[in-house]
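Annotation source Swiss-Prot lists region 'Domain I, interacts with DnaA modulators' at 1-80, citing sequence analysis. The annotation region 'Domain II' is assigned in Swiss-Prot to 80-104. Taken from Swiss-Prot, the feature region 'Disordered' covers 83-105. If you look up Swiss-Prot, you'll see 85-97 marked as compositional bias 'Basic and acidic residues'. If you look up Swiss-Prot, you'll see 105-321 marked as region 'Domain III, AAA+ region', on the strength of sequence analysis. Residues or ranges marked as ATP binding site in Swiss-Prot: G149, G151, K152, T153. For 322-443, the entry in Swiss-Prot reads region 'Domain IV, binds dsDNA'.
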Amino acid sequence: MTSQFASLWQQSLEILKQELKPASFDTWLKNTQLVTIQNGEAHIGVPNDLARDWLENRYATLVKNALSVVLGESVEVRFFTPSADSRRSEPSRRPVATEESSPPLLNPKYTFDTFVVGNSNRFAHAAALAVAEAPAKAYNPLFVYGGVGLGKTHLMQAIGHFVIEQHPQSRVVYVSSEKFTNELINAIRDDKTVEFRNRYRNIDVLLIDDIQFLAGKERTQEEFFHTFNALHESSKQIIISSDRPPKEIPTLEDRLRSRFEWGLITDINPPDLETRIAILRKKAILENLDVPNEVMVFIANIIQSNIRELEGALNRVIAYANLSGKSLTSEVAEEALKNIIPSHRAKVITIALIQEIVAEHYNMRVEDFKAKKRTRDVAFPRQIAMYLSREMLDVSLPKIGEEFGGRDHTTVIHAHEKITKDIEKDPQLEMTIQVLKEKIQRA
């Protein structure tokens with residue numbers, strides 16, 4: 001390692017020290033080195049295969065971000081064991097990991113403290129917290145499903161962190177169904193199925209991610225069925241995640257499906273605008289980023305699919321601003337995201353857009369919202385438009401009032417309170433509000 005690479009790596013390690021617990025840093029990163037950087041890829045030497053696999057699976061993004069900050073440009077990372085590279089072509093017979101040989105693969109950032117709760121995930125969060133506080137006594141199993149990047153893994157691992165923090169002697173295992181399958185295949189090949197079963201049946205909490213990948217794998221389903229039974233009969237907690245509910249997983253054995261339904265099934269939906277903004281704010285706070293509110297609102301309006309893409313967009317905007325030497329503004333954010341924003345992308349939601357959609361729905365003119373008319377056929381839609389402006393936008397009450405003919409902020413408060421109460425009493429109005437929100441988001 002040249003002195004230049006040594007210096008770059010030392011600076012990167014200083015950043016990583018702030019991100020990780022001392023024990024994690026000392027175990028996985030202390031004895032690593034930056035060997036070279038070629039074609040935008042940093043080659044990082046690690047002491048053994050276990051460290052390489054651990055870093056690749058759990059800390060690659062953290063290391064990449066730290067090194068990119070030091071270099072001032074984006075870089076990919078590759079971990080390798082120098083002594084192993086020369087024998088890479090030889091077949092490897094790795095032992096099946098045991099609970100003593102490796103701790104649970106939990107991302108240090110995935111805790112309840114960093115999980116942003118909103119309408120889309122409130123029930124799932126409450127269920128996860130209940131399970132964490134009383135393993136095997138609240139809901140067992142807990143089955144969490146939802147689309148990609150919505151926080152299922154975060155919530156699962158938060159349970160693991162909480163249990164370990166409250167009960168340090170607890171044996172917690174987190175594994176993806178793909179890794180479970182691969183370990184089973186290796187165990188059968190190496191005649192180590194006893195060790196494999198000990199690994200997964202002599203534990204207190206099992207967190208298994210993406211269970212839908214067991215579909216069609218009869219031997220793996222058979223093994224997991226017996227693992228599930230062994231744990232459940234011993235009053236051990238099982239938490240499962242999937243991209244769909246049990247009944248919709250194809251070629252899943254009925255006996256497994258029925259067991260997944262023994263406990264509680266809860267879903268996580270895409271976050272609404274308010275939650276997306278809150279997620280970006282939380283990320284900015286946790287990473288000490290100075291991001292103007294207008295930029296976060298812009299990104300939250302553009303990226304509506306999932307949290308992973310939302311946070312990725314913020315990273316892209318910040319990197320673009322830093323590398324181009326520009327200040328963070330919504331205009332710069334639009335420049336940074338121009339390649340990932342569809343040409344037919346939705347308009348940025350504004351008060352004017354909300355007024356336009358509501359006016360069209362009630363067959364009236366936008367100008368009527370700003371007029372002094374107080375008849376119900378005008379006042380009620382106006383109140384709905386004010387309500388939606390308050391719910392869907394992060395703007396001040398005076399600003400909303402100003403856009404509705406210079407009305408006082410107390411008028412906006414009254415409108416919001418009235419519509420909120422009306423929704424509670426009128427299911428039809430609740431449905432109308434939801435339809436209007438969807439129209440606005442698709443506009």
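Backbone N, Cα and C atoms are what each Cβ position is placed from, and that goes for glycine too.
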Whole-number mean of pLDDT values that fall within the region 'Domain II' (80-104):
46
According to DSSP, how is the region 'Domain I, interacts with DnaA modulators' (1-80) divided among helix, strand and coil residues?
47 helix, 16 strand, 17 coil
Which same-chain residues, if any, lie at least 6 apart from K152 (ATP binding site) yet have Cβ under 8 Å of it:
V144, Y145, G146, D209, S241, I268
For G149 (ATP binding site), what residues in its own chain, 6 or more apart in sequence, show a Cβ-Cβ distance under 8 Å?
S305, N306, I307, R308, E309
Most crowded position, judged by CB atoms within 10 A, among G151, T153 as binding-site residues:
G151
Summarise the region 'Domain IV, binds dsDNA' (322-443) as counts of helix, strand and coil residues per DSSP.
82 helix, 0 strand, 40 coil
Around the ATP site formed by G149, G151, K152, T153, which additional residues qualify by having Cβ within 8 Å of the site's Cβ center?
G146, V148, L150, H154, L155, S241, I268, N306, I307, R308
